[in-house]
Amino acid sequence: MYLVTAQEMRAFDATAIQDYGIPGVVLMENAGRTTFHVLKKHLGGDLRDLRVSVIAGPGNNGGDGFVIARYLINHGSEVNTFLLSPREKIKGDALINLKVLEKMTSRIFPVTDAESMDHAALIWQESEVIVDAILGTGLTSEVRSPYREAILEINDTTAIILSVDLPSGLDADTGKILGCAVRADITATYGFRKLGIALYPGVDYCGAVEVVDISIPLPAVEKNPPRAVLYAKPDAEIYYHIRMDPEAHKGRFGHLLVVGGSPGKTGAPAMAARAASRVGAGLVTVGVPASLNPILEAKLTEEMTEPLPESVPGYLGTSALDRVLSLADGKLCIAIGPGLSTAHDIPDMVEKFLSAYSGWVVIDADGLNALSGRMEALRTTNAQVVLTPHPGEMGRLCGISSQEVQEDRVGIARKLAADYGVWVILKGARTLTASPNGRIFVNSTGNPWMASGGQGDVLTGILGGLLVQGIPPEEALPFGVYIHGLAADKLVEKIGPAPVTATDVLDEIRILLGGKTEEE
């Protein structure tokens, strides 16, 4: 499912108008008419005597609101329309539809000062439905007066709130709240979902999202498809297509090497290894500090272990590099970082490994921390790198705060991936997969109950386990993120709202890969 930025949507609108000759007023009519039908569906069909307030801004969103008001009047609703800007500021297609509405009703009220705002708010309090047609995708700065006051009043009502295209006050590209935003019950978004609707905190402000067809020509979309998608229902063939051969054997499905472990953190590489096995890696070997190897041998059954030379007791370092490279030789993918630590010369080991290896490398946890301040290693490596940071790790890699990362997750992930030619899995609510060529996959699964230790290690193993089977990264990585979150979602469905551990997820993944990868 495509996700568009404000700029991409403007380009589609312009192409429809200029290249295909579809008048803008027709697009507006399509938007308003189909939004009316969305509202009708959600309310059960009968709109007679329904008390509705349509609150319009000066732009095309306001014009969409005028069309909606017209259809509601034609179906017997009691409609009051409020103009939050002077009438003379309403132009173009919006003005055309306002003039039509003015010929149908006298119940159009300007809201120009505190007194008229107070009067409007009293009517809004009595409304059963409020149509938010105030601000659209062009908003990039904090909401100003009188829109701010209107939004706060709207949110203080008990009415069902329908937002036009996206809730007013929401950044269309980032999901950031620009000072304040309407909390909608229904959002009718035009053409495609806006990126900000699919990202937090925007998700929490949208209610039920309906994608409304306004007749953007399909060839225009196929020529310049949006660069982001909401990854919601993957094709199970992503996983199964390489297992259809009846003569398949374990060597066909790859051999993953997991490198990590340090005192107190032996569970991390063990969980990564088990996760790789769960998603079908043919063989898995875990390389750990030699003194910790007996612990791993006790933890693991199906997976193999390899004691590695230690720089100091319990820790890897450059002394292990030659052996790690020897083990990595001929392997399609290596996972490095779970439980690794950054003590002693471990960062040197990670950097030198990248300079010598040319396969896929999934880097997590302390593997990422080892790269902090050494990012040039990503420019010079011949390896195909997958970075899997949480916001704090992402901030350290980019030299910014985690708050700055969260304010523009897509932009930051996309830039890091493009600048260094790597894949980036930016973890968190709606985990992002960013490709080196600018594509973004926004994950739709996962829940707060999986916020516990070891989940990142499981995800690392899933990603490495899929890549080592030869599944292309544009399939393996978003699918791996999806199945990880879906396992946690299914567990919450089964046991109720309760913490979900990493080992719980491991057991559930096998069930999902038995043919239930899609949301039910």
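Cβ atoms here come from the backbone N, Cα and C positions, even for glycine.
The feature domain 'YjeF N-terminal' is assigned by TrEMBL to 9-222.
Spatially close to Thr140 ((6S)-NADPHX binding site) yet at least six residues away along the chain are Asp171, Leu178, judged by Cβ distances under 8 angstroms. The feature (6S)-NADPHX binding site is assigned by TrEMBL to 60-64, 136-142, Tyr147, Asp165, Ala268, Gly339, His390, Asp457.
The K(+) binding site annotation in TrEMBL covers Asn61, Asp132, Ser168. According to DSSP, Asp132 (K(+) binding site) sits within a strand segment.
For 233-516, the entry in TrEMBL reads domain 'YjeF C-terminal'. Across the domain 'YjeF C-terminal' (233-516), mean pLDDT in this model comes to 93.
Taken from TrEMBL, the feature AMP binding site covers Lys427, Gly428, Ala429, Arg430, Thr431, Gly456. Counting only same-chain residues six or more apart in sequence, the Cβ atoms lying under 8 angstroms from the Cβ of Gly428 (AMP binding site) belong to Tyr200, His390, Pro391, Gln406, Arg409. Secondary structure from DSSP puts Gly428 (AMP binding site) in coil.
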At the level of the C-alpha atoms, what whole-angstrom distance separates Lys427 (AMP binding site) and Asn61 (K(+) binding site)? 34
Considering only the binding-site residues Asn61, Ala429, Thr431, Gly456, which residue has the minimal Cα-Cα separation from Gly339 ((6S)-NADPHX binding site)? Gly456
How many other Cβ atoms are found within 10 Å of the Cβ atom of Asp132 (K(+) binding site), counting all protein chains shown? 31
AMP site span - longest C-alpha distance across Lys427, Gly428, Ala429, Arg430, Thr431, Gly456, in Å: 14
Give the distance between the Cα atoms of Thr431 (AMP binding site) and Asn61 (K(+) binding site), rounded to the nearest whole Å. 30
I'm trying to understand the geometry here, so how far is the Cα atom of Thr137 ((6S)-NADPHX binding site) from the Cα atom of Ser168 (K(+) binding site), in Å to the nearest whole number? 9
What number of additional C-beta atoms lies within 10 angstroms of the C-beta atom of Lys427 (AMP binding site)? 21
